[in-house]
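Inspection log for the structure reproduced underneath, given as structure tokens.
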Amino acid sequence: MLLSPFPLVLWGFLGALRYGGASGLLELSLGKFRNVLLNQTNPEEAVIRNIASNVTVVIFQVHAQQSDVVISFDKNPSVNSSGTGVDKGLVSILRPQQSVCTWYLRSLVASQVLSTAISIPYMEKDPIPGGCNLEFDLEVDPNIYLDYTLVDIHIKFAPANLGYTRGANPPSCDSGTGQNSRWRLRYDVYRYFLPENDLSEMVLMSHIQKMSEVQSIKANGIKMLTLTTDDKTNVYFSSLPGQGVIYNIIVWDPLWNTSAAYIPVHTYACSFADLVDNCSSLSKISTKVFFTALAVLGLFTCFFGHRFWKTDLVFMGFIFTAFFFFVFITRVTGLGYDLRLTLTAVAGIIGGLFLVASWWRFGSVLLCMFVIGLVLGFLFSSMVFFTPLGDYRVFRDDVVFWVTFSSVALMIPVLFVGCPRILNILASGIVGSYAVILAVACYVYTSLAYITLDLLRRVLNDYFSRAYTNVPFQTNDFIILSVWTMLALSGVTVQLRRERSEVPFPPHPYLTWKRERERRSTNVLDPSHHIPPLRERIHNKLLHIKECFQKEQPAGERTPLLL
């Protein structure tokens, strides 16, 4: 886990902390963040005073990195008046003449928990996040609820209601669907990526401030989609284990052109508490061994694939067979990951050797180049859908996606059908260098691994098509992309220059062997015609080895004297 590289920022952050005293009173100002250490035994009382009369709603929220905190209206929290989690908030609907709001904070663990809190005011024309809640415990619930797996992230929230003045009754949530009801509201979903390879609390606390208020969300977040009231209030995203992500939603009233923000929620799609496969060590040993070995072979293929033709066939056949075998064994069996990966490696080796054997026996370069072209085509098609094009709504339909994906993948071997040597050199250079990138991803986070990982997720999970798959592209990714580009260009250039004066492909080995055998059997002038059969040569070699171990006879007379 990396810490913040800015000691002055760290010092300033710690200096801003308030350590709860005997009174446990936390004075807040509207729109200002306040950092606080929470504990389990002494709840903090958060107070805001002198609230302006034009403010009708105050949303109070608190955030921690990994330990749950409790936020409530009362000192003794109940289910309907409190929230528990790492990112929680409450909505205070102000009464006429009310100018003070109070909330209570505490942690659920014995140790102190670092958190940050803010209260945000809204006026009478601003929509109220979660004002039409019918699903969760709070009457008005501005929270975003997040669940994650290793495959996807699911967020859901309660619909908002229209704003209203102090003391008035809230607008009905089900009194029609016209422009005078909540059905005119729109929901913009935003996503914000934390710095890669940084799991520190300080970084989270500083960046979550950028996703709490409407203007800062628009300035810093990435708008993913817009939902209407007719849409379901839940969204799916691809999971990025080890990468911090913050989500928030802005509800917009087009009639008054006013907006309000829900409570931002963050996730790393992994657990900090697990002893194995936690956020700091996600890759399994078996994964590292598998892809490191593949990277060694890939690096060799990148520069020497066409010269060592059979090694190239083993590499491409391994990738082709391993991919489809892993999909098959995952779909039809419940075996553990390590066992599946081991069986996949064995199947890949067999597939590579089978491709070599088929070429040796039948000499079909076109068949081998079709397999190699498919491998390159699959990688190219995955790169196309790795771009923002992959998040277009039309590709959420599996039929449209797979027809388009397959067409792009098949386009590569079709385009290069007349120049197989160029195709093989391009495939060995690009695919071989990408194998190195996959190995790097086992040790250092990089979004480039999701070029192929998202394809595998879509094959293995029936509902992954509903997930948005865009990923962060930060400094680390630009460096690794440069390395990949350099390796691919270097490998292709070296092979093109070395092979330009050579024959396109080695001669068919089986036919060559067959012609040699016929020539030796008919041409008595050929010295190889007089070579003994293989069985006799092996017997003579064994006799020669046996003589090396026989005891040497003494010199002199070896026969008895005649009488």
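Using the three backbone atoms N, Cα and C, a Cβ is placed for every residue, glycine included.
Annotated features in TrEMBL:
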SIGNAL    1-24  signal peptide
TRANSMEM  289-306  transmembrane segment
DOMAIN    292-496  domain 'TM7S3/TM198-like'
TRANSMEM  313-333  transmembrane segment
TRANSMEM  339-360  transmembrane segment
TRANSMEM  367-387  transmembrane segment
TRANSMEM  399-419  transmembrane segment
TRANSMEM  431-453  transmembrane segment
TRANSMEM  478-496  transmembrane segment
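Counting Cβ pairs under 8 Å to the transmembrane segment (289-306), the top-ranked stretch among 313-333, 367-387, 431-453 is 431-453.
Tertiary proximity for the transmembrane segment (313-333) is limited to same-chain residues at least six positions away from its ends with a CB under 8 Å from its CB atoms, namely 294, 297-298, 301, 305, 340-341, 343-345, 347-356, 359, 368, 371-372, 374-375, 378, 427-428, 431-432, 456, 459-460. Count of Cβ pairs under 8 Å against the transmembrane segment (367-387): among 339-360, 399-419, 431-453, 478-496, the largest is for 399-419.
The average pLDDT computed over the domain 'TM7S3/TM198-like' (292-496) stands at 92.
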